[in-house]
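*Asks:* Attaching a single structure in structure tokens format; questions to follow.
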Amino acid sequence: MSDDQPGPRTEYKLETDSELRFEMENGNDKVTVTLLNGHAELYGTELVMKKPYEFGVGAKVAIFTYHGCTIELRGKPDVAYVARETPMVQYLNCNSALEHLRTKAEEDDVRGPVAMVVGPMDVGKSTLCRIFLNYAVRLGRRPIYVDLDVGQGGIAIPGTIGALLVERPAPVAEGFSQQAPLVYHFGHTNPSENDVFYDALITKLAETTLERLQANKRAKHSGMIINTCGWVKQGGYHHILHAAKEFEVNAIFVLDQERLYNELLRDVASKTVQVVYLPKSGGVVKRTRSQRAEARDNRIREYFYGSKMPLYPHSFDVKFSDVKIFKVGSPALPDSCLPLGMKKEDNFTKLVAVQPSMQLLHHILAVSFAESIEENVIQSNVAGFICVTDVNMEKEVLTILSPQPRPLPQTILLVSDLQFMDSH
């Protein structure tokens, strides 16, 4: 929003340990925030004095100050208010404890803390991860961020899990820099769609990231911050326990659910694993099913088209014969029909060939780094994603939307449940 555009201006004077919260729900409205004096931060990233920051539709923002500040808000948010009750000081105390563990790890030349954030949906898990990561980087650390939430896909797109070395704070209105993330294709937005495959991917991602920690001294001492899904009962709880074991987690922060906290105290807490209960922020907003679907769609749109800095994806044709398309998992067979020596679970991680058809239209396909199906395709990380925008059965050609020009870097493609209607 430029200075010559109309828009009501409101000044907010924030006292010590308070935050300005606002939400953007409607149309094409934008809000610009400027720090006029004092110090303030957004989820651990410091605001620069007198620099305007722009937020668009869907933004749910909480700007916090430890020492007091004045903020100018320009535009018409749906809701804007100052909150004096905030758990930020508790979050900072947890970060101080993590930093103490990192300093100790540096002195002893051992691995730094591996911390996992858990809790039900809409309690602020990814926000708390962002706060911990930003604070760590501001102190000169280089932690690895792991995202196991296939529902929102904070590192790549929904339907994936991944890891990223964080080297600088996230820009105020965007996420962390996406250079060279390690991403694995799951293909669904809920782990319950294929629990066996999801666990196998967690094991593979843990093995790879723990190896990477050992190989990079600065990252090794900095440790990891792990974000998880909001499914915390039954199968979801099993996945939390599995992730804690595979990543060799030594700190678990439980947001806003005492039942989960007590279960983890019973099943995980020990001399080597601390379990800490934290309240959620009052600024956390419950999302409807349609808001979640819209957020997923926006993540995929950003992947192809960018957000603040527009990207220009490529559209080109690929012959059916030039690619091999698979999905992971086949329908479960009764025990009596299984081949000798095969377990029922094996079906869930089986590679099943998919014949090109109109059913692929609008589907997201992951481009695997695997060069042949002799490799372990399901546990190979992915180079990126494409979207099928047209299927010509007569010419035997797929038209695809791709972030890179032709040719595709590899020819093994994995089908995702996710679809994207390209409206550009």
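Every residue number used here counts from 1 along the chain in the order it is shown.
Here the Cβ of each residue, glycine as well, is placed from N, Cα and C on the backbone.
When I checked Swiss-Prot for this same protein, it listed these features:
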type    : residues                                                     : note
BINDING : GLU19, LYS60, ASP122, VAL123, GLY124, LYS125, SER126, THR127 : ATP binding site
*Asks:* DSSP on THR127 (ATP binding site), three-state: which is it?
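*Replies:* Note: THR127 (ATP binding site) is helical by DSSP.
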*Asks:* Same-chain residues six or more away whose CB lies under 8 A from the CB of LYS125 (ATP binding site)?
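*Replies:* Sequence-distant Cβ neighbours: VAL117, VAL118, GLY119, ASP149, ASN227, THR228, GLY230, LEU255.
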*Asks:* Any idea of the Cα spread of the ATP site, GLU19, LYS60, ASP122, VAL123, GLY124, LYS125, SER126, THR127, as a max distance in Å?
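*Replies:* Answer in Å: the longest Cα-Cα distance is 19.
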*Asks:* Look at the binding-site residues GLU19, ASP122 and tell me which residue has the greatest number of other C-beta atoms within 10 angstroms of its C-beta.
*Replies:* GLU19
